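Student: I'd like to ask some things about the structure below.
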Amino acid sequence: MEVPMDCPGCENKVRKALEKMNGVHDVQIDIKQQRVTVTGSAEQKKVLKVARNVTKRDICLWSYPYHPESNGYNDRYFKKKFRKRINMSVNGEKVSSYNYHKHGYHGHEHGYYQERPYSGLINPSASSMFSEENPHFCSIM
């Protein structure tokens, strides 16, 4: 989970609350990355609920890869698991039936790492196109 923690006191509070839960075997906290890893047989929804109640902050599931070598794991997993495509649509518009915020997912990543922004959105010459220093600038100006 991605848990915003400011101090060692917050870290201890989160650790104690999660370790008290039934089914939690181990809690690992990386305060630099703001990441909490819970291992055990506890339900994901209950762990999120306890962490949200303790911190009173918005907590989401970790959507970045834990290790760089794990890239591509999700592709292999979903190809094996979901071979048929499920079409959920109403009047041609796709409808989501899953409450991502309640279950700890934010944005559009849903378990995937965040991709880097596309660096070539604006051509470098586009910003100087209407400059007065440019001898070939727009004749309207």
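The backbone N, Cα and C atoms fix where each Cβ goes, glycine too.
The structure displayed is predicted, hence computed values, not measured ones.
According to Swiss-Prot, the protein carries these features:
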- Cys7, Cys10: metal cation binding site (BINDING)
- 1-59: domain 'HMA' (DOMAIN)
- Cys138: S-farnesyl cysteine (LIPID)
- Cys138: cysteine methyl ester (MOD_RES)
Student: Counting other CB atoms within 10 A of each CB, which of the binding-site residues Cys7, Cys10 comes out lowest?
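Tutor: Result for the binding-site residues Cys7, Cys10: minimum number of other Cβ atoms within 10 Å at Cys7.
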Student: Go ahead and report the DSSP secondary structure tallies for the domain 'HMA' (1-59): helix first, then strand, then coil.
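Tutor: Residue counts for the domain 'HMA' (1-59) by secondary structure: 24 helix, 14 strand, 21 coil.
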